[in-house]
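J.: Below, the features straight out of TrEMBL:
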{"type": "ACT_SITE", "residues": "THR62", "note": "active site"}
{"type": "ACT_SITE", "residues": "THR62", "note": "active site, O-isoaspartyl threonine intermediate"}
{"type": "ACT_SITE", "residues": "THR143", "note": "active site"}
{"type": "BINDING", "residues": "SER109, THR143, ASP144", "note": "substrate binding site"}
{"type": "DOMAIN", "residues": "53-247", "note": "domain 'L-asparaginase N-terminal'"}
{"type": "DOMAIN", "residues": "266-376", "note": "domain 'Asparaginase/glutaminase C-terminal'"}
{"type": "SIGNAL", "residues": "1-20", "note": "signal peptide"}
Amino acid sequence: MVPIKSFLVALATLAWQSSASPLLYSRGANGTGFVFTNANGLNFTQMNHTLPNITIFATGGTIAGSDSSSTATTGYTSGAVGVRALIDAVPSMLDIANVAGVQTANVGSEDITSDILISLSKQINKLVCDDSTMAGAVVTHGTDTLEETAFFLDATVNCGKPVIIVGAMRPSTAISADGPFNLLESVTVAASTKAKNRGAMIVMNDRIASAYYTTKTNANTMDTFKAMEMGFLGEMISNTPFFFYPPVQPTGKKDFDISNVKEIPRVDILFSYEDMHNDTLYNAVESGAKGIVIAGAGAGGVTTSFNYAMEDVINRLGIPIIQSMRTVNGEVPLSDVESNSATHIASGYLNPQKSRILLGLLLAKSSNITEIASTFALNTNA
Ligand code: SIN
């Protein structure tokens with residue numbers, strides 16, 4: 001005898017493919033039971049054929065954080081709550097979309113690794129991009145390194161469907177937790193046809209921001225994600241997105257196909273300061289770094305002696321070094337770092353953490369310094 005669940009799944013799939021009238025599986029009792037499983041095994045708590053389908057990929061962070069005190073906004077446990085609880089906490093998202101959940105990881109974002117990034121990107125490409133029944137993806141994430149994951153997904157998921165990265169600054173147990181509303185807004189943007197072909201976006205605190213440029217600017221407050229010079233793409237008012245501009249891609253953005261990539265080479269970031277020691281550079285290289293990013297003073301600056309050490313590492317070991325900036329805003333132009341004796345690379349408008357992601361992706365494909373330099377040059381002014 002065919003088990004009843006398999007029968008319902010087969011019936012639903014058949015109806016999905018051939019129905020002229022809306023396929024409607026209403027929400028399970030108290031909104032929690034699964035009523036539909038798609039061809040990739042994603043479970044939905046409702047299937048209303050008139051609504052778009054969205055998958056939430058949960059990775060942990062404060063949005064999934066928990067504490068025994070409702071006023072604690074520090075010292076709580078990140079990544080304590082699962083994707084199912086996140087979805088169930090916002091029943092109104094089911095008025096916007098049919099939602100499935102995937103638990104990709106459940107960690108504080110400082111523990112997101114390049115292996116998790118590769119796996120997350122491949123999951124989104126397979127479960128959302130390659131499935132014509134899916135409209136978009138939402139990724140829940142800790143805010144501390146959210147911009148790095150957002151930049152990685154912006155570069156590696158390029159099917160035009162919206163990919164929204166969302167976090168929260170208050171844990172789910174706090175009074176006025178920001179996670180539920182941020183998640184509702186993210187699902188709404190992911191489900192909007194107006195959000196197509198805009199790359200990955202960060203949706204938090206009623207703002208829609210480009211993953212390419214946006215950075216965390218404040219360690220504690222809710223209005224933390226900003227791209228000060230480039231601005232926001234749009235705003236959410238009463239859970240309705242308004243985009244200020246038509247779809248556009250950032251200048252210098254490079255798309256990557258990582259379907260055959262298994263590993264991202266190690267790239268270290270070194271911070272520039274008065275009296276900076278050269279051995280930090282040699283130690284990084286000896287420890288296995290295949291590329292280096294400098295969080296330079298001002299427009300990429302390092303001490304004179306460190307500059308000689310960089311030239312030695314570039315020329316003798318063929319290791320690319322990107323000079324970025326430790327300031328939150330501004331640009332490192334090539335004219336501020338170039339020399340006749342080594343290929344210095346300026347990060348342009350990319351901050352150190354975004355430069356690290358881009359260099360890692362480039363190194364996963366090729367270690368040719370000229371090719372790497374020409375990609376970074378697209379982000380620089382002079
Ligand atoms: C984290 O990044 O995982 C903790 C902090 C946060 O999510 O806001």
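A Cβ is built for glycine as well, from the same backbone N, Cα and C atoms used for every other residue.
Keep in mind that TrEMBL annotations are predicted by a computer and have not been checked by a curator.
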J.: Residues other than SER109, THR143, ASP144 within 8 Å, Cβ to Cβ centroid, of the substrate site?
T.: GLY61, THR62, GLY108, GLU110, HIS141, GLY142, THR145, LEU146, GLY167, LYS216
J.: Round to a whole number and give the Cα-to-Cα distance in Å for the pair ASP144 (substrate binding site) and THR62 (active site).
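T.: Rounded to the nearest whole number, the Cα-Cα distance is 9 Å.
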J.: Neighbour count first, Cβ atoms within 10 Å, every protein chain included; then name which of THR62, SER109, THR143 tops the list of recorded positions.
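T.: The residue with the densest Cβ neighbourhood is THR62.
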J.: Quick check for the class: what is the C-alpha distance, in angstrom and rounded, between SER109 (substrate binding site) and THR143 (active site)?
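T.: With the alpha carbons as reference points, the distance is 7 Å.
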J.: What is the number of other Cβ atoms found within 10 Å of the Cβ of ASP144 (substrate binding site)?
T.: 17
J.: Between THR62 (active site) and THR143 (active site), what is the CA-CA distance rounded to a whole number of Å?
T.: 7
J.: Per DSSP, how many helix, strand and coil residues does the domain 'Asparaginase/glutaminase C-terminal' (266-376) have?
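T.: Taking the domain 'Asparaginase/glutaminase C-terminal' (266-376) as a whole: 47 helix, 22 strand, 42 coil.
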J.: According to DSSP, does THR62 (active site) fall in a helix, a strand, or coil?
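T.: Its secondary structure by DSSP: helix.
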J.: Give the three-state DSSP assignment (helix, strand or coil) for ASP144 (substrate binding site).
T.: coil
